Amino acid sequence: MTETAIEAAALGKGFGRRRKQALDGCSFRLPAGSVCAVVGPNGAGKSTLLSLAAGLLRPTDGTITVLGAAPAAVRERLAYVAQDKPLHPQLTVADTLRYGRELNPGRWDDRTAERIVAEGDLEPDARIRSLSGGQRTRVALALALGKRPELLLLDEPMADLDPLARHQLMATLMADAAEHGTTVVMSSHVVAELDGACDHLLLLGAGRVRLAGPLDDLLAAHRLLTGRADASLDPHTVVESRTTGRQVTALVRPEGPLDESWQATAPTLEELVLAHLRAPETPALRLDEMREAAV
Amino acid sequence: MTAVTTLDTSTAVTSSRGPRGLLWVMLRLHRWALWFWLALVAVGAGALLWAYGPGADAAWSEYRTLHCDTNDPDLGCDNLGPAYNMYDTVVSIGAGILGLAPFLTAGWAGAALIGRELENGTAQLTWTQSVSPARWLAAKLAVPAALLTAGMLVLTLLHRLLWSTDGPLRAAMGSRSWYEGAAFEANGTLATSYALLGLAVGVLAGLLQRRALPALGLAVVVLALLTTVLGTVRPYLWPLETLTNKHEYPAYIGMVVDEGALTSTGARVSDPICVDDAKCLADHDIVGFYRDYHPSSHFWPLQLVETGIVLAVTALTVLIAFRLLNGRTGAAA
């Protein structure tokens, strides 16, 4: 359990002459074998983080370590599917799989790749440029999984898929990851898409880590409270509170025993994420290191 | 047991014939560019071979039919006949392909080879297979460079073959000299080295622009600037020879770079254009005339010095391209 898939330390990436920070001082640790959701609003730095992890960009500050080494040194062991699913439009589906085989000698698993393509009823001699967005996503995932990666980085993987194909591909992906112990890092702004599939969460906002850690621990660290509007929420950290008439609903991080006048429930992933997105001033919470320290 | 079966199937599939790995990817992705290049070389080679054989024969027979080689030439000898015009046009096509290839290469390399791949993310797709950006760039340079060099050398050798035999025809018709741009480059190592420069310039332009069309434009403009500058300094890449003569200009032979009049002190002055006016010549103290020029024996020294410069610029461009890519992707491997 002590093996680390990704570790970022004060990671920063600026773009352009003015060094506009897409990522700023990000630190987190992701254990190997986990399935991690990277969540955040548009422009939060999700794609930049995945590109850095894939060794496509060089950080301007800090370090990122992937599978125990610099991303560029473990190219063979990771796979990455970019947001717009780039594939060579002039190749056929079969040629695209051969492209994966030729460029990943010794790793390529034809059967996995071909199975994923076959499940989508794709003609092997169809050209990539003639495929729909969802079909392209399928081929891109086949290329990524055919490589037998130890770490799979997916940037908004399901955005182009209809609900049925999304459900089916997600199941294929998760079954494959579980079978081979693959670490999966998946970004999305559709939180519902990730519920039930992920066991780790990384919430980014404005280039910074807002929440990081095992999903269960993060959920357990928060409580959704309902009570009278005049009741005090001290000493708990209030993420967000909303008052309707004489009643208040608040998402808090309990800092001690909760007063019995509150009706407390566990928040869902969506409630947790939305509350943090609506309240960008909330202090960051990292549970990924505390757990390591406890071990 | 299952693992063994999996291994067996994968080796069975990968043992197909033909090029492997990045070479296969390069040839497959740029299949149309490859066919286009082969067709262009075939057209150029065909043109030069036709000119070498039937074209030159027809031009000669026309020349003799009009008795241009006798003391009683036909009136038609004042103009070039249709057979010679045809010959000249076809030779120009062959030499033109040699001259055009560097620009086609630059535009293609900027747009299709590099710019488009960075624009639509397929370069990044390759870098997340087991291929480092540096290896990707090396393949992008090496495969076209090999094919360009082979094609350009074939065309250059054919052009030289033609040039070595059609001297009397050129002399008789008074066309094309060894030092004229297209012929000069097509007869030596320059055409090939300019094609390689075009490749390097295109690749760097693609990396800088990261988009197909701007890269195409930048590559062609930069190559045009470089060829213009090098063409301008070409005569000064090897020491000139000087001919002097009293009363009139020395013979006009070879690549003339400078000419003018000489005073009694030996100073070079611009020609006051006295023609035969002795008083005018005396007034300006003109005692003779000079011409600075390159004889045809300077062909190879000039050719090789310029080739060296072009290849050095090419190497520098390639180095910058690798450094740029490395800095951007953080790829040490």
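From the backbone N, Cα and C atoms, a Cβ is placed for every residue, glycine too.
Because TrEMBL annotations are produced automatically, they should be read as predictions rather than curated entries.
Look at TrEMBL and you will find B:32-52, B:90-115, B:136-162, B:182-208, B:215-237, B:304-325 tagged as transmembrane segment.
Residues 102-103, 106-107, 109-111, 114-115, 181, 184, 194, 197-198, 201-202, 205-206, 208-209, 255, 257, 294, 301-302, 305-306, 309-310, 313 of the same chain lie 6 or more positions beyond the ends of the transmembrane segment (B:215-237) yet place their CB under 8 Å from a CB of it.
As a quick check, the transmembrane segment (B:304-325) and the transmembrane segment (B:90-115) miss the bar of 3 or more Cβ pairs under 8 A, pairs 6 or more apart, so the two do not touch. Beyond its flanks by at least six residues, the transmembrane segment (B:136-162) meets 22-23, 25-27, 30, 33-34, 37-38, 40-41, 44-45, 48-49, 51-52, 56, 91, 94-95, 97-98, 101, 105, 109, 113-114, 123, 126-127, 186-189, 191-192, 195-196, 199-200, 203, 318, 321-322, 325 of its own chain at Cβ-Cβ distances under 8 Å.
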